[in-house]
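Asker: Got a structure for you, questions after.
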Amino acid sequence: MSGRTEQAEMEANEIESPQDRAAGADDFSHGKGLNKYTLFCALLASTNSILLGYDIGVMSGAVLFIKENLKITSVQVEILVGSLNVLSLVGSLASGKTSDYIGRRYTIVLAASTFLIGAILMGLAPSFSFLLAGRIVAGIGVGYSLMISPVYTAEISPAMKRGFLTSLPEVFIVSGILLGYVVNYSLSNLPQNINWRLMLGFAAIPAFAIGLGVVAMPESPRWLVMQGRIDEAKRVLIKVSCSSEEAEFRLNEITKAANSEVGQKGVWRELLLNPSRPIRRILVAAIGINFFMQASGNDAVIYYCPEVFKAAGIHNKRQLFGVNVIMGVAKAFFVLVSALYLDKFGRRPLLLLGSIGMAISLSVLGMGSKFLEHSESKPLWAIIVCIVAVCAFVSFFSIGLGPITWVYSSEIFPLRLRAQGTGLAISVNRLVSGVVAMTFLTMSKKITFGGMFFVLSGIMVVGTLFFYFFLPETKNKSLEEVWALFEDKDRTTKSNDDAERGMPMREI
């Protein structure tokens, strides 16, 4: 590795002298422009995330027909729904090492291919066990895609547009959810033994298209630098930058970061066994935001929304799917708003706004559900209040936690730890999602849906406090500059920085 890093340093020095770097820092360090090729690559990479969204959306309706057609119990429904999320943590944990070994681009192909196999197995499933096997395979593919999409996008994006570009995976997750709702609604009148198989099997189509589309994408320039392939990295940076000067500046920054990490201890050892204080702070921030993203119950609410509204008094399946479509449209609109304004307002303001809104919406939903539980007549106004509260909940999620979790997770780790650190954080995300999905109905039977929503509201209050104290602002900073936010500083510098960010960074 030493030979490659010496070559990287020599080539970086040839590209830009210290004087040139100082003179051009203000112009190029934040990459103020966004060329069309960068947007094209980010869109292609983020399309991978539509696979999870489609599964979440389509499974919320398909499970109603699966339960009746295969004669399975509520516990089996929870296992079926949650298994994909739990097994996706395997893909998330493996994706870091895989992407460091074969590259970011081919990891996207691997993710799409694995999900394709799972979708085919689910569409052809003759029994519960066969269907469960298909979801296990698809879950591993989802785990790969959730890690690699934001990491790849972050590594090709200029700092000033990184928030928008790395929030695109959430845009595609929400698009997939809405697509799943529309497919549910369209196929709900088909025979029961056919409709759910088509709903699940159709997921193979986008998976196949994504695998082919990756051929048009370049490799991550940061991964190429890690491999000592400086000339290739420079060619990619020229394509994804607005000028050759910006490309040269970014290459210099990347090679400096790569050189500073040479000879350090193994990645997993540094992450888990003996992390420095800055790494501990990063781990707390990354794992914390991923934990609260799923502990909020967002996935479970979407998966079981028809069950919630059946209990509220809506029994017609097409009406239930119609409510889902309304919820999906609201979710899609607000995730687009968040993506467009994330780089203008910053991560923290939108995250705090979203989490406070989620806590309030869940409280209203809890009160509405409690009222309906004790009402025999099921008044229409109370049902409407619950529908509005659910739409508000998913909308606030789409403003804050939804897109910002992927943005934050992919940008705060240093280069050598980024793939496996992000994979570790997202594996926690998938584990919590699976646990919540596999216990939501059981817990709701014990404490009612209303009680469950009050619990989730309390969790979001705690989450809001966590975000305020432990997540610094990363807006407009290059990936190499973000690391400085978590480093040890003297008291004066730290106080000034905290005042500028409007938050107290807690000691960890």
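Using N, Cα and C of the backbone, Cβ positions are placed for all residues, glycine too.
Keep in mind that TrEMBL annotations are predicted by a computer and have not been checked by a curator.
When I checked TrEMBL for this same protein, it listed these features:
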type     : residues : note
DOMAIN   : 41-475   : domain 'Major facilitator superfamily (MFS) profile'
REGION   : 1-22     : region 'Disordered'
TRANSMEM : 37-66    : transmembrane segment
TRANSMEM : 72-94    : transmembrane segment
TRANSMEM : 106-124  : transmembrane segment
TRANSMEM : 130-152  : transmembrane segment
TRANSMEM : 164-184  : transmembrane segment
TRANSMEM : 196-217  : transmembrane segment
TRANSMEM : 320-342  : transmembrane segment
TRANSMEM : 348-368  : transmembrane segment
TRANSMEM : 380-401  : transmembrane segment
TRANSMEM : 421-441  : transmembrane segment
TRANSMEM : 453-471  : transmembrane segment
Asker: I need to check the long-range neighbours of the transmembrane segment (380-401): which residues 6 or more away from its ends have a CB within less than 8 Å of a CB in the stretch?
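Answerer: For the transmembrane segment (380-401), the list is 170, 174, 289, 292-293, 296, 298, 301-302, 305, 308-309, 312-314, 323, 326-327, 330-335, 337-338, 350-358, 360-362, 364-365, 368-369, 371-372.
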Asker: Which stretch, 37-66, 72-94, 164-184, 196-217, 453-471, tops the Cβ pairs under 8 Å count with the transmembrane segment (106-124)?
Answerer: 196-217
Asker: Could you pull out which residues elsewhere in the chain have a CB under 8 Å from any CB of the transmembrane segment (130-152), counting only those six or more residues past its ends?
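Answerer: Answer is 45-46, 48-49, 51-52, 55, 66, 70, 79-80, 83-96, 98-99, 104-105, 107-108, 110-124, 166, 169, 200, 203, 207, 220, 406-407, 409-410, 418-419, 422-423, 426-427, 429-430.
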Asker: At a threshold of under 8 Å on Cβ distances, which of 72-94, 164-184, 453-471 pairs most often with the transmembrane segment (196-217)?
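Answerer: When the Cβ pairs under 8 Å are tallied, 164-184 comes out ahead.
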Asker: Count the CB pairs under 8 A between the transmembrane segment (421-441) and each of 37-66, 72-94, 164-184, 320-342, 453-471, then give me the winner.
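Answerer: Between the stretches 37-66, 72-94, 164-184, 320-342, 453-471, 72-94 has the largest tally.
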Asker: Same chain, outside the transmembrane segment (453-471) by at least 6, Cβ under 8 Å from its Cβ: which residues?
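Answerer: Long-range Cβ neighbours of the transmembrane segment (453-471): 281, 284-285, 288-289, 292, 295-297, 347-348, 351-352, 355-356, 358-360, 362-363, 365-366, 369, 408, 443, 447, 503-506, 508.
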Asker: Could you check if the transmembrane segment (164-184) is in contact with the transmembrane segment (348-368), meaning 3+ Cβ pairs under 8 Å among residue pairs at least 6 apart in sequence?
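Answerer: Stretch pair does not touch.
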Asker: So what's the average pLDDT for the domain 'Major facilitator superfamily (MFS) profile' (41-475)?
Answerer: 86
Asker: Cβ under 8 Å to the transmembrane segment (72-94), counting only same-chain residues 6 or more beyond its ends: which ones?
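Answerer: Cβ under 8 Å, 6 or more out: 52, 55, 59, 63, 66, 111, 114, 128, 131-132, 135-136, 138-147, 299, 303-304, 423-424, 426-431, 433-442, 445.
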Asker: Excluding the flanking five residues on each side, which residues at least 6 beyond the ends of the transmembrane segment (320-342) place their CB within less than 8 Å of a CB in that stretch?
Answerer: 57, 60-61, 64, 163-164, 167-168, 170-171, 174-175, 177-178, 181-182, 184-185, 188, 302, 305-306, 309-310, 314, 350, 354, 387, 390-391, 394-400, 402-404, 407
